[in-house]
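*Asks:* Let me give you the structure first, and then I'll get to my questions.
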Amino acid sequence: MANITVCARFRPLSSKERSGHGDSVCIERINDEAFNLKDEKEGEMKFSFDKVFYEDSKQDDVYSFLAHPIVRDVVNAINGTIITYGQTGAGKTYSMEGPSILESNDAKKGLLARVIDGIFREITYADSIKYTIKLSMVEIYMEKVRDLLDLSKDNVQIKETKSQGILLPEVTEISLSDSAEALRSLSSGICNRAVGETQMNVGSSRSHCIYIFSVHQESTKQTRTYGKLILVDLAGSEKIEKTGAEGRVLEEAKTINKSLSALGNVVHALTCGPNGKGNHIPYRNSKLTRILQDSLGGNSQMALLCCCSPSASNVSETLSSLRFGARAKHIKASPRVHCTKDKHAKTIRTSFPSEDGSCDEVTEKPRESMDAEDVKLLRDLFTWEGRALDPNFLEDLELDWGLVAAPTNIPLRQAVEELASAVELLKDQNKVLEAMLAVVTRMLSSHGEANENVGFGHLVLESLKPSIAWVASLPLFKLLTDSYAFLSCCCFTK
């Protein structure tokens with residue numbers, strides 16, 4: 001196990017900051033790994049990181065030290081995560097995107113463009129290996145996960161499976177053939193990101209943006225490996241008195257600060273418990289920490305770039321960011337190669353299993369304890385849902401089964417019979433109601449006066465209420481729900 005990589009980066013002072021203070025710099029350089037921070041309240045403090053990028057640092061320096069090792073390993077099926085963290089206006093988005101994702105000046109390109117170039121460069125070195133690279137983009141805005149490549153998906157659900165960990169199964173995923181196509185796709189997604197203006201930043205990010213690159217490879221050795229690279233451009237923490245936020249922007253700031261606080265709590269739990277791990281890690285307290293659960297939990301190479309302002313006017317925010325980075329440096333990571341083997345086939349299966357083949361595999365176990373008709377019902381159910389075409393369905397179903405209550409011993413046929421009985425009851429009651437309605441209709445037609453009709457109709461409706469209430473009280477929906485859950489799990493019940 002090794003500690004994650006943590007670096008600090010200081011942006012240049014703005015012209016406003018230079019004109020507003022005589023000696024406005026709050027840091028004193030020691031070397032490329034350490035510096036002193038001067039604070040009037042707490043005095044002088046020394047900080048050390050894996051690397052410190054000062055105001056004169058270059059974009060390529062950041063990529064080469066922070067991201068290139070992770071890019072190289074993700075092509076070899078080791079997951080990686082790169083996060084930019086810091087207060088609003090500290091240079092996080094500039095470090096991630098540069099002035100623009102389509103920036104033509106090579107010296108100004110951000111991490112994203114360089115990561116894309118790095119991935120395609122790495123795969124050209126491989127022999128006899130076929131690679132597939134895919135991209136998805138989401139933002140976490142007001143605690144909702146939104147698909148930036150398809151705005152109709154504005155509340156994407158987070159799922160966890162035994163085989164693949166944390167997933168966003170509904171999110172749009174596009175295949176990339178070259179760097180130019182990847183940059184165009186990124187540009188269209190970034191245009192959909194929520195931004196706003198504050199007194200500290202005219203283009204302030206109002207959401208956490210997450211870029212996910214999946215690199216799948218297939219070799220001639222009957223193995224299939226995949227690596228996932230996640231880049232996270234966090235929204236900046238804000239002090240309301242400095243940003244002047246109000247209305248909708250204020251609500252956004254509260255949500256941003258709350259999720260960043262949840263991230264801090266997860267890091268604290270990971271580094272302050274026994275043996276470096278807490279008894280309970282509150283990943284589920286925010287969408288951000290939930291999505292980053294695998295990364296923070298050690299199943300990924302991880303790099304953190306703490307973006308800071310060198311201005312004395314922002315020393316408290318800078319101190320907070322540096323302390324976060326210093327604590328995160330103690331997180332332990334033990335990434336592993338993600339590989340699956342095809343032990344039986346002579347060649348690698350390059351597509352999803354057929355519907356019939358998948359159903360045979362799913363229903364193989366229940367054949368031991370169910371008759372042929374019950375197995376057929378189960379098979380038809382999975383086919384109708386479309387779940388039979390999911391290559392991870394059997395493994396995920398086992399995981400879901402392990403989380404539910406103790407297995408039931410009710411045979412499948414009994415569940416079907418109960419459903420049929422409920423349907424017959426409804427049919428009988430429906431006939432009674434139809435007959436009573438016919439009587440009401442004939443009686444109303446024989447009365448000419450409107451007030452008499454209303455009075456008589458009211459009496460009839462009152463007499464029908466017990467029957468209507470009886471129908472409404474039937475536990476049909478509960479029966480349907482229980483039976484459906486039973487059908488999904490019964491293949492693991494003996």
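Cβ coordinates are placed from backbone N, Cα and C, and glycine is handled just like the others.
All TrEMBL annotations are machine predictions without curation.
Annotations for this protein, taken from TrEMBL, read as follows:
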- 3-331: domain 'Kinesin motor' (DOMAIN)
- G86, Q87, T88, G89, A90, G91, K92, T93: ATP binding site (BINDING)
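Describe the structural context of each listed feature in the structure shown, including burial, neighbouring residues and relevant distances.
*Replies:* Its Cβ placed at the centre, G89 (ATP binding site) has 25 other Cβ atoms within 10 Å.
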*Asks:* Within the domain 'Kinesin motor' (3-331) only, compute the mean pLDDT.
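*Replies:* A mean pLDDT of 89 is what the predicted model shows over the domain 'Kinesin motor' (3-331).
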*Asks:* What is the one among the binding-site residues G86, G91 whose Cβ has the most other Cβ atoms less than or equal to 10 Å away?
*Replies:* G86
*Asks:* Around the Cβ of T88 (ATP binding site), how many other Cβ atoms lie within 10 Å? Please give the count over every shown protein chain.
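*Replies:* So the Cβ neighbour count for T88 (ATP binding site) comes to 25.
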